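Record features, source TrEMBL:
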type     : residues  : note
TRANSMEM : B:30-53   : transmembrane segment
TRANSMEM : B:65-83   : transmembrane segment
TRANSMEM : B:95-112  : transmembrane segment
DOMAIN   : B:116-417 : domain 'NADH:quinone oxidoreductase/Mrp antiporter transmembrane'
TRANSMEM : B:118-136 : transmembrane segment
TRANSMEM : B:148-171 : transmembrane segment
TRANSMEM : B:204-225 : transmembrane segment
TRANSMEM : B:237-257 : transmembrane segment
TRANSMEM : B:277-298 : transmembrane segment
TRANSMEM : B:331-351 : transmembrane segment
TRANSMEM : B:372-395 : transmembrane segment
TRANSMEM : B:407-426 : transmembrane segment
TRANSMEM : B:453-475 : transmembrane segment
Amino acid sequence: MQLINALLQANTTAVATATGTAADYFPIGIQLLFAIGFVAVMIGGSHLLGPKRRTADKLENFTSGIESHGTARQPMAIKYFLVAILFVLFDVEVIFFYPYAVNFRDLGWQGFGEVLLFVSFFLIGFIYIIKKGALIWED
Amino acid sequence: MNAIILSVIIGVVMMFCSVFVPNKNSYRHIASIGLVLLLAGNIAEMHGFSLFHINTKGMLSYDNFGLFFNTIAIASTLIYVLLSGRDIQKIGTYVAEYFVLIFFVLCGIAILSSYNNLLMLFLGIEILSIPLYILTGSDKRNMMSNEAALKYLLMGSFSTGLMLMGIALIYGATGSFNIEVIHAASPQQGANGMSELSVSFLEIMGMLLLMVSIGFKVSAAPFHFWTPDVYDGAPAVITSFMATIVKVAGFIAFIKLFDARMLGTSVETNKLIGVDWKLLFAIIIICTLLVGNVTAVFQQSVKRMLAYSSIAQAGFMLFALFSMNDVAKEGILVYSVAYSLATIGIFAILVKMKDFTFEGYNGLGKTQPVLAFTNTIFLLSLAGIPLTAGFFAKFFMLESAIKTGTYLWLVIAAVVFAAISVYYYFRVIQAMYFKAGDAAVVEAPTMSFKIGLLLLAAIIIYFGIFPQALLSWFYF
Amino acid sequence: MPIQYYIALSATLFCIGIVGVLTRRNAIVIFMCIELMLNAVNLLLVAFSKMQPVAAATNTAARNAANVGIDGQIFVFFIMVVAAAEVSVGLAIIVMMYRNTHSVDVNFLNRLKN
């Protein structure tokens, strides 16, 4: 019991120093203040100092020189949506590579094999959506 | 392990069948073959023959109870596909995918029956739920199906959020996701720099949130309100699957989670603050039985009545959690078989009906005698009439509660509610035999369908006379 | 920083999520509130996993101090991935709903009442 208590104490202090206190966040706070201040000064400065000429042409949305027409709230082809959903799915799966990348050397060939297995499951899903025609753009 | 991996592999194979096999009629045969393979794989594992040796670091643990439950779930699914395969085909155009999703649900069930770590509980519940959201909405042009899918999705992900919060709090209090560690851990002074009181408070809050979220999944009152709408809106074939196999799997997860927690005294004595779990479950059981049985009496549609009746049956299954002794564990296995088989049978007949109201069943005894006869046996089993499997299921549950020696009023209340349930089950039987009318079926049932129904009824009566036959497999 | 701040922050976010789910009427906003709940949990898990001295003491001292509580962070990855799967299914269902009713208001969901 004594030993466990001693261990507990030791580890608590060790981890406590490792995680740090509020004082360690001081530089981050400074940086945050500086960033906000910089942006505020720049926007405010250009707003105050810059000349203002409000004409109809200037107030129009800039769309690469092409005349804009209609609003953005129009129904779009469902295909965009399908691609977006598939992108979300396949994109987020990549998250599992992060732990692997960190322990790349320790895991060795066995880890590599398992990642290959993971990627192959990925590919199976990808082949499936291609075969199902989910990515065909033209009707 | 066999069941988890094989179900995924067969699911993926079926996925590609949808691309390479053009004949839509063949999918259900492929699914049946896949289920037989899966069943064989699981039974092989019960006899100590494992195809895959993967070190899961104690995240999954295989005991007889879980494996036997897997066998029950897979066998029920096989019966379900054999009986209702044609109707699954009729839901929509993506026939193979429906079967694929069923296989993925089975994978979730296999994880839930063997998890030993809260991460696996979470993954199992999600692997089980996400395919079900899709299956609920599979009738794409039907507004009711859409609505049911959206409701199920919102409620399901909400309860997932609650569950995750519970897991996070438990992790904060005990420092582990492993169930055995969690139940063994007593709060220690100075954990995370918090006082002992707040640590045990975190842990209790976590367990309560977990209880609420799994209560959502098994539709225990007062977390049941999504059930009638979702079961009513989903295509009837899918409701059959959701109300039986999936719901029972939720109970297995529930039991595994609270197994160690309920064994000790009713109030946790080693904690500074504790919850009287027995009293809590007793209240939930009473609410569930009350809501399920009383509301079912007033329903006009048989499908909606069955949804409420599934809530009522969940109340009985909760007795296993309440008493949590050996009888309860045997009882939940018998209950899951009796309830699943009877409900699958009733839904298989319901799908064939043109009109889902009670009036739609008028005179079925004359027009389709085989359907009416088997339907009667299934309903009697659900009501818990002797000589059917349902009787022993309820009997085991109540016996386990009596053995705990406390809360006898709960047992008496359960018997009263079982008597109420006889009323609405008998309304269907009354409509079939004693009311004039010509119950219309969508299409004439085939000979094999009738034989299947008769076999299912025979199984139910067999287990009603020899309930030990089922349990002797369990101990083999 | 003491753990209580993290618990308070994530509990606040979680409650905002719950209130949103219970009060909002737009299916997509409800879905965003659910995501907020999940992210509150992620935050809490990461905070707990970083401040996990108990596990280190009760398990063997041989466990590498850097790896203490790493399982909490791995759990966060799983939550993210599962949430993505849920979102893709959920958005698909909402789009299906929209194509049929031209609305994402959950007040429209009243066909299934008695």
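Glycine is no exception: its Cβ is also placed from the backbone N, Cα and C atoms.
No contact links the transmembrane segment (B:372-395) to the transmembrane segment (B:65-83), because fewer than 3 Cβ pairs that are 6 or more residues apart lie under 8 A. With a cut-off of 8 Å on Cβ pairs spaced 6 or more residues apart, the transmembrane segment (B:204-225) and the transmembrane segment (B:30-53) reach fewer than 3 such pairs and are scored as not touching.
Outside the transmembrane segment (B:65-83) by six or more residues, the chain places 3, 28, 31-32, 35-36, 38-39, 42-43, 45-46, 99, 102, 106, 109-110, 113-114, 240-241, 244-245, 248-249, 252, 256, 329, 333, 336-337, 340-341, 344-345, 348, 449, 452-453, 456, 473-474 with a CB less than 8 A from a CB of the stretch.
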